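Undergrad: According to Swiss-Prot, the record shows the following:
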type: SIGNAL; residues: 1-18; note: signal peptide
type: COILED; residues: 83-108; note: coiled coil
type: MOD_RES; residues: Gln97; note: pyrrolidone carboxylic acid
type: MOD_RES; residues: Ile108; note: isoleucine amide
Amino acid sequence: MILLGILASTTIIGLTSSAPLSSYERRDVSDNRPKIFLLMDERIPELENEILGNELGSDVTRTKRIGSLSIVNNLDVLRNRVMLELARRKQERDQRQIEENRRFLENIGKRSVPVSDAGKIVRSDKSRNDRNQPLQFNRIEWIEEEDPLFRGSQDDQMTRVQANELRLL
């Protein structure tokens with residue numbers, strides 16, 4: 001029974017000495033600081049500066065100690081890695097969009113090329129090596145002079161020119 005009494009009194013003394021700060025003592029602690037400081041009996045400025053030194057807006061540099069792990073530091077590292085990964089994915093997505101736009105712009109608007117420039121476009125496309133060969137082949141095939149549609153339009157022009165010359169004579 002005596003042992004139980006000693007244990008109970010020790011527990012009560014321990015609980016009262018480790019009680020959180022009273023409202024009077026809390027007035028010195030600002031609201032933007034972590035609430036963990038309210039659990040301590042005494043203020044330890046070195047500990048507060050070390051813990052608060054890792055916040056995003058602070059310019060305080062913290063020296064690394066071997067063998068110590070910090071939850072805040074690990075979260076900063078993970079946050080930086082996630083941000084770098086998101087930036088990398090966005091860059092890849094933007095690069096793919098740029099490539100798709102480039103391919104689209106190479107194919108669009110090439111069908112309305114004047115007849116006099118058709119040979120130049122065919123030669124410049126054939127001399128260029130691009131990894132998008134099927135797209136170039138379709139464009140070249142449409143513009144080439146051996147194309148029956150292209151040859152037919154030339155024949156129509158020649159017929160009209162000859163008819164105009166005959167009228168003038």
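Including glycine, each Cβ sits where the backbone N, Cα and C put it.
Note that the structure is a prediction, hence the values are computed from the model and not measured.
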Undergrad: Taking only the Cα atoms, work out how far Gln97 (pyrrolidone carboxylic acid) lies from Ile108 (isoleucine amide), in Å, as a whole number.
TA: 16
Undergrad: State the count of C-beta atoms found within 10 angstroms of the C-beta of Ile108 (isoleucine amide), not counting that atom itself.
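TA: I count 8 other Cβ atoms within 10 Å of it.
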Undergrad: Just to be sure I understand the packing, how many Cβ atoms besides its own are within 10 Å of the Cβ of Gln97 (pyrrolidone carboxylic acid)?
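TA: 10, counting other Cβ atoms within 10 Å of Gln97 (pyrrolidone carboxylic acid).
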